[in-house]
Every structure is written in structure tokens, then in C-alpha cells.
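These notes concern the structure reproduced below.
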Number of protein chains: 2
Amino acid sequence: MRTLKVDLGDRSYPIHIGPGLLPEVGRLCREAGFPLQSPLLIVTDSEVGPLYLDRVASSLADEGFRTVVHTIPSGEASKSLENFEAIMTTAITGGLDRSSAVLALGGGVVGDLAGFVAASYMRGIAFVQLPTTVLAHDSSVGGKVAINHPLAKNMIGAFHQPKMVVYDLDALKTLPKRQILSGLAEVVKQGLMIDPEFVTWLEEHAEGLVALRPDLIGEALEHSCAIKVGVVTQDEREFGIRAILNLGHTLGHAIEAVGGYGTFLHGEAISIGMAGSALLAVKLGRDRAIYTDTIRVLKAFGLPTVLPDRYSEDELIEAMMHDKKFKQGKVTFILPESIGSVSIVEGIEESAVREVIGQLKKGDSPW
Amino acid sequence: MRTLKVDLGDRSYPIHIGPGLLPEVGRLCREAGFPLQSPLLIVTDSEVGPLYLDRVASSLADEGFRTVVHTIPSGEASKSLENFEAIMTTAITGGLDRSSAVLALGGGVVGDLAGFVAASYMRGIAFVQLPTTVLAHDSSVGGKVAINHPLAKNMIGAFHQPKMVVYDLDALKTLPKRQILSGLAEVVKQGLMIDPEFVTWLEEHAEGLVALRPDLIGEALEHSCAIKVGVVTQDEREFGIRAILNLGHTLGHAIEAVGGYGTFLHGEAISIGMAGSALLAVKLGRDRAIYTDTIRVLKAFGLPTVLPDRYSEDELIEAMMHDKKFKQGKVTFILPESIGSVSIVEGIEESAVREVIGQLKKGDSPW
Ligand SMILES: NC(=O)c1ccc[n+]([C@@H]2O[C@H](COP(=O)([O-])OP(=O)(O)OC[C@H]3O[C@@H](n4cnc5c(N)ncnc54)[C@H](O)[C@@H]3O)[C@@H](O)[C@H]2O)c1
Ligand SMILES: NC(=O)c1ccc[n+]([C@@H]2O[C@H](COP(=O)([O-])OP(=O)(O)OC[C@H]3O[C@@H](n4cnc5c(N)ncnc54)[C@H](O)[C@@H]3O)[C@@H](O)[C@H]2O)c1
Ligand SMILES: [Zn+2]
Ligand SMILES: [Zn+2]
């Protein structure tokens, strides 16, 4: 087990990464100081629960904790206000008090939803992330929690840092291939955002990473977490630099919303979004190699880079307008300056974005 | 206009109190630095809107702000997840961005609900309180925002400090008498909690206060706000001392939940709750005069002190168990030590609470 520390003053917390950690959750919760008298709520989903709930629940029971479990249907559509309310009901009837904690056992969907419950229940109780997907190495770090509004993704939420993240790499073994690739998209994003050597290393080891070779995937996820920690500790509430984490997300979120949540997976959508950001950068005069290199890396991971024809420009623009990056009438994009370096570009005109959307549909030779 | 300052580091804000302030809201928003490009959302209710929305909206328009309005039905039942979602929809379709603000024009219901919207929209945007009830002098200060769960009051919420409170005392003139009395219950509570001279002054001027004599009500509300500010700035997130503000509220919230939200008004319920706390204090060996003095002050304001027979002990105890003050199996009460002084008493047995509930039904001579 390796431990990264997220330094945020009195909201600091550890990220434990390694194999075999879910059976240690009980001990880690004891050591974190959660009182035995206050019940713990485990939130999980219909895929993850049958596979891993027992390990967590029995390790907690062994330490003397009482637990309440709430299982949501798997999938992005579950990040809804309906499930938020249903979990609140479970928390109340289960007797959770101000000293209780919510444990999120699953991917980013469970983490974001359970995290917003923890942020709002009695105005905020403790929260523990137990990520089980590759993608959730990203979503479980940094304290952003949210649910979707039918009109826009992650629109309702909070900043609520976990007390602890326990990332059991063994859990990844049951993850469907498509989910692995989707998760690797966020790993690639961390590299494209800020770390050129990491991008090179990732491209070299793409095959082994996709196959979840333990040494490789462990190193990649630890490094990717560390990159995110570095950004988040500089700017916890996204007043500035933290926005670079949204590389590929402005367009990516719009693709998710327009396609219907779950049609493209989150990582797939931001992969197309990163291709779009590269195109936009080139359109604004930056080097064409930014686009061709970006595409090559994404393809090494079998990720999509072309936007299907059926996605209407109007709908995508409309969805972007509802996004948090749309401010005072213009849109802000995170654009690559080169591979492994980005800048925040404000005030981009709608027409430029429309053009890029058109080019994204043309396949890999947009010019 | 008088201005109190709430000192909370980078979350500090002013409370402006005085007559004729609603038409100044536009100017005050400009001075607070809200950008004209970002629309403002005014949340109000079906009673307050027709009376005061024009003043606020036109003063904002005069300064060049764009506004979006959402009106909820008046009453406690509106502090619901349904209205929360509906306001979110208005915010999204109205184009609110991260630089926008939510303005709550109304009593504590509008303030608590709109405040939770502001806390959660895009993970938190600016919030302005425009209280229009006596009671809201309390609810608009301190940053507690929340909605009700059908099973328990204020269960879902956040700490989200406003950027500014603008308290126009002129608005109180249209307030129904019963609401005035209910609001004065929180004023009396601030006194009973921490300020014996204020209690004496309040009792002496009860008649003039109920009649809203401008000099008296202004002084009472300013002083009551100042008391709350003093407590909140010591303990913003209620880890300790702030809990004393809950004098009368453990039982009061249970009475509201069991009776159905709105049957007893909030101030009426906590008036009975304060009578109950006094009884419990006497039961634990404190001076009987605590009870008789408390009752006398509450009655001077025409507030209820007797619990109607139909409130079942079981249901009240059950509701208290869901309350935030119920922790690890026992209940915490704020109990008077004398008039104008309280202590936080943990670990009170259910049987003692049941006995007090019984006594509270017997009228004013429970022994
Ligand atoms: N909060 C943040 O900072 C942040 C960052 C990135 C993404 N996100 C959010 O994360 C979400 C995506 O997360 P995700 O990709 O983990 O999605 P997910 O939670 O839906 O998990 C993907 C799928 O894999 C299944 N699954 C999970 N773990 C498994 C396992 N070990 N074995 C077998 N199946 C398993 C799930 O049931 C689901 O069907 C999106 O909603 C996105 O907005 C949040
Ligand atoms: N957040 C906090 O710290 C805090 C503190 C105390 C109370 N509260 C909450 O505040 C709520 C009670 O607040 P309230 O008593 O102001 O209730 P309210 O908002 O329901 O207002 C009372 C009634 O008076 C009407 N009204 C409001 N202003 C008026 C005016 N100027 N003229 C005519 N009618 C007017 C309203 O439409 C409503 O019918 C409760 O939900 C309580 O939990 C919160
Ligand atoms: Zn992402
Ligand atoms: Zn109150």
C-alpha cells in the first residue's frame, strides 16, 4: 500500500492505493477515528455491490461498526435528484447522525452522488471514497461532488473533501474493457494537461495499461492521482488554475448531455472533447502537431476522437451554454499549447466552436 | 440605515438594517461588486412577491442588472426538494453562471430554500438575503441553509454565508400579527439564551414591540442580530458554542414535524420548546423560577407554552431521534441555568423527555 497525502489544511486527507485494500477498510475507518456508535452508510451500485460489498461490510463489522447499505442502479442516469432523496431517506431511517460517515463504494457515479449526500446530510458529514474504476482515481480526489440536472451535468453539487480515499487496485480486475478505456482517458488527460514525459510513458505502455498489468496500472494511477493532488491543493475551489483539469470537458459534458447520459461514457466523451480542444487550439493559430499528436495518443488507448454525425451543433452549443464554463455570454476553453501543457482561454466565440464541431465529425483529417 | 459586520475571514459580510432599504438593493448589489453581465435570480413567495418584488426588481433594473424571478407558494411546506429542483431549472434556463447571485426576498422559508440553491448551484454561487419577516432576522444571519425531508426538518442543507443581508424594516408592516409574534419568539430566545437585561427590556416593551413601534422593533432586531452574530462568529459550523442557538429547538422541531409543517409556526413551536427546556432544567434540579419566569416572558408576547393533547409522546420522541441533536442514542438539550444563561446538556435520557412532554400538556402549573 502507498499513501499520497492531500494537503488542504484542516481538510487534509490520505489516499491509500494498492492491492487488497477493501478488506482493510474497517481497520482504516477505526484508525481514522470514526466512532462505533454512529452508523456508517455504504452507497454502492447494482454491479459493484454483488462483487465487493461483502468485503467492505464484513471488514467494518469485524471492527464493530454498524452499517446501512443503499444500492443504486449502475450508470450515469443514477446521478439524479431522485436517488439523492432516496439515499437521504435511507440515511435518516438508518439513524445516521452528525458523527456518521458515508462510504462510496463504486465508480465516479456512486462517488459523486454519495459525496453530495455526505455534503448535505445534516449540512455535512464525513465522507470516504472507495473507488472501483480506473476513472474514479480522478473523481475520488479533489472534493468535487455533484448530481446531474436533466438540462446539464454536475449542475447541483458542492465541494466536500473526503476524509480518506481507499483505492483497492484488485477491484479493477472485474471492470469491463470499455470502462477501463474510458478511465484511461482521464489518465491521458492529466498527462496532456501538465506532464509531457508522462504522456510519452503512457503511449509506450498503452497495451500493458489496457491489460491492467499490475505494476503499470499501479504506477499510472498513482502518478495520475499525484498530478491531480498537485493542482487541487493549489486551488481547492477552482478560482483559477484548477480549471485546467477541465481539459476536454466543456465539449465532453455537452456530448454526454446531448447524447443522453451513458450513450458515450464520460471518458469517451472527454476523449472527443480533447480532440476538439486540440482542433480549436490549431484554429487559434497553434501548431498542427498538437492535434495529430493528441489523436495518436488517444487512439493508442482505443479512445474515440470523431464526433458522430447525429450530434447537432445547435444542441451541443445549447448544452455548453448551461455548463459552468459558460460565463457572461462567452465560453472558456482549456486549450493545449503543446503536448503536456495547456492554457485557459476565455471569451471564445460561438462561431469558432461551431466550426470545430463540424470538423470533429469529419474524422481524423479535418483539414 | 445601520450596518452590522459579520466577521468570518474571507466569508465576512454586512447586515444592513433600517427602513426604506428594498429600493436600495440595486445600488447595494452594484457596490458589492456583482457583475452586470451575470443574471441575478430573485426567489420570493406568493405573499411577498406581490407586495415587494417590484421595489427590488426595479431597483436592480435601474442599475442595469438582468433578473430572473422564481415564486414559490408561501409556507413551510415549500422548503421541499421539489421546489429546490424547480428553482434549479429556473436558474439554468435563466442562464445563471458562476458569477451570478441568488437573492432571497421573503421570510425564513424563502431564505433557507434559496440559500440551499445558492449553495449547490454550480457547487455554490453568491447569495443575498432580503428578509421580510421578524423571524428572518434570525434565519438570514449565520449561513445555515436547508430544506426539509418529509421525515425531519432542515435535514438537507449546507453552511453557505450570504454576501450581504439587507433588512428593510418597512416590509414588516404588512406582516400578519401571528407571524410577528412567531418572529418575536426568536428574539426572546436570543435573550433567554445569553442576555438577561435584554429579556427584561423585551418584557417591558412587549406591547410596543408587538405593535411594531419603529424605534422599539428596530432596536430589538438590531440587538437580536448582534447577539446571533456574536455566537456565529465564534463557531461558524456548530462544533460547540453555536449549539446554544438551538434553545427550544430540539422539541420545537419535533412539534413542527409531528403537527405537520405549518400547523404551529416555527416561533410558536420553539416557544413551547422553550417552556419544555425550562421544565427539563427544573426536573434536573435547577430553580423552579426558571420555568415560571420563562412562561411569563413568553406570555407577554402572546406565545403558546402548552402542548396540545393530540401530540403523541411516541411520535415526538421518534421525530427527535431524527433530529441533528440526537447523537449516538441520547439527546442533547440546551437548558436554561437562569434567565439569560444556558448550558449544553448531553446524554439526556428518553424517559426524562417523555415526562416533560406529559407535563407540557398540563398547562401552566405542571406540578
Ligand atoms: N468529481 C469529480 O471530480 C469527477 C471527475 C471525473 C469524473 N467524474 C464523474 O464520474 C462519473 C464517471 O465515473 P465512472 O466512469 O467510474 O462511472 P461509473 O461509476 O458509472 O462506473 C462505470 C461502470 O462500471 C461499473 N463498475 C464499477 N466498478 C466496477 C468493478 N470494479 N467491476 C465491474 N464493474 C464495475 C459500474 O457499475 C458502472 O456500470 C461521471 O459521472 C463523471 O461526471 C467526477
Ligand atoms: N437558517 C436559520 O438559521 C433559521 C433560523 C430560524 C428559522 N429558520 C427557518 O425559517 C423558517 C420560518 O421563517 P418565517 O417565520 O419567516 O416563515 P415564512 O418565510 O414562511 O414567512 C411567514 C409567512 O409570512 C409571509 N410573509 C413574509 N413576509 C411578509 C411580509 N413582509 N408581509 C406579509 N406577509 C409576509 C410569508 O409568505 C409566510 O406566509 C422556518 O423554516 C425555520 O426553520 C431558519
Ligand atoms: Zn472528467
Ligand atoms: Zn429557530
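Using N, Cα and C of the backbone, Cβ positions are placed for all residues, glycine too.
Noted in TrEMBL for the protein shown:
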type	residues	note
DOMAIN	B:71-180	domain '3-dehydroquinate synthase N-terminal'
BINDING	B:74-79, B:108-112, B:132-133, B:Lys144, B:Lys153	NAD(+) binding site
DOMAIN	B:183-325	domain '3-dehydroquinate synthase C-terminal'
BINDING	B:Glu186, B:His249, B:His266	Zn(2+) binding site
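The secondary structure of B:Gly108 (NAD(+) binding site), as reduced to three states from DSSP, is helical. Apart from B:Glu186, B:His249, B:His266, the residues listed for Zn(2+), the same chain places the Cβ atoms of B:Leu135, B:Asp138, B:Ala185, B:Lys189, B:Gly248, B:Gly252, B:Gly267, B:Ala269, B:Ile270, B:Gly273 within 8 Å of the centroid of those Cβ atoms.
Cβ environment of B:Glu186 (Zn(2+) binding site): B:Val134, B:Leu135, B:His137, B:Asp138, B:Ser224, B:Gly267, B:Ile270 lie under 8 Å away, each six or more residues apart in the same chain. Recorded residues B:Ser78 (NAD(+) binding site) and B:His249 (Zn(2+) binding site) have their alpha carbons 20 Å apart, per Cα-Cα distance. The helix, strand and coil residue counts that DSSP assigns across the domain '3-dehydroquinate synthase N-terminal' (B:71-180) are 43 helix, 34 strand, 33 coil. Summed and averaged per residue, pLDDT over the domain '3-dehydroquinate synthase N-terminal' (B:71-180) gives 96. For the pair formed by B:Glu76 (NAD(+) binding site) and B:His266 (Zn(2+) binding site), distance between Cα atoms is given as 9 Å, rounded to the nearest Å. Summary for the binding-site residues B:Ser74, B:Ser78, B:Thr133: the Cβ-based neighbour count within 10 Å is maximal at B:Thr133.
Within the same chain, the residues at least 6 positions away from B:His266 (Zn(2+) binding site) whose Cβ sits under 8 Å from its Cβ are B:Glu76, B:Gly108, B:Leu135, B:Ser182, B:Ala185, B:Gly252, B:Glu256, listed in sequence order. Helix, strand and coil content of the domain '3-dehydroquinate synthase C-terminal' (B:183-325), in residues and according to DSSP, is 104 helix, 0 strand, 39 coil.
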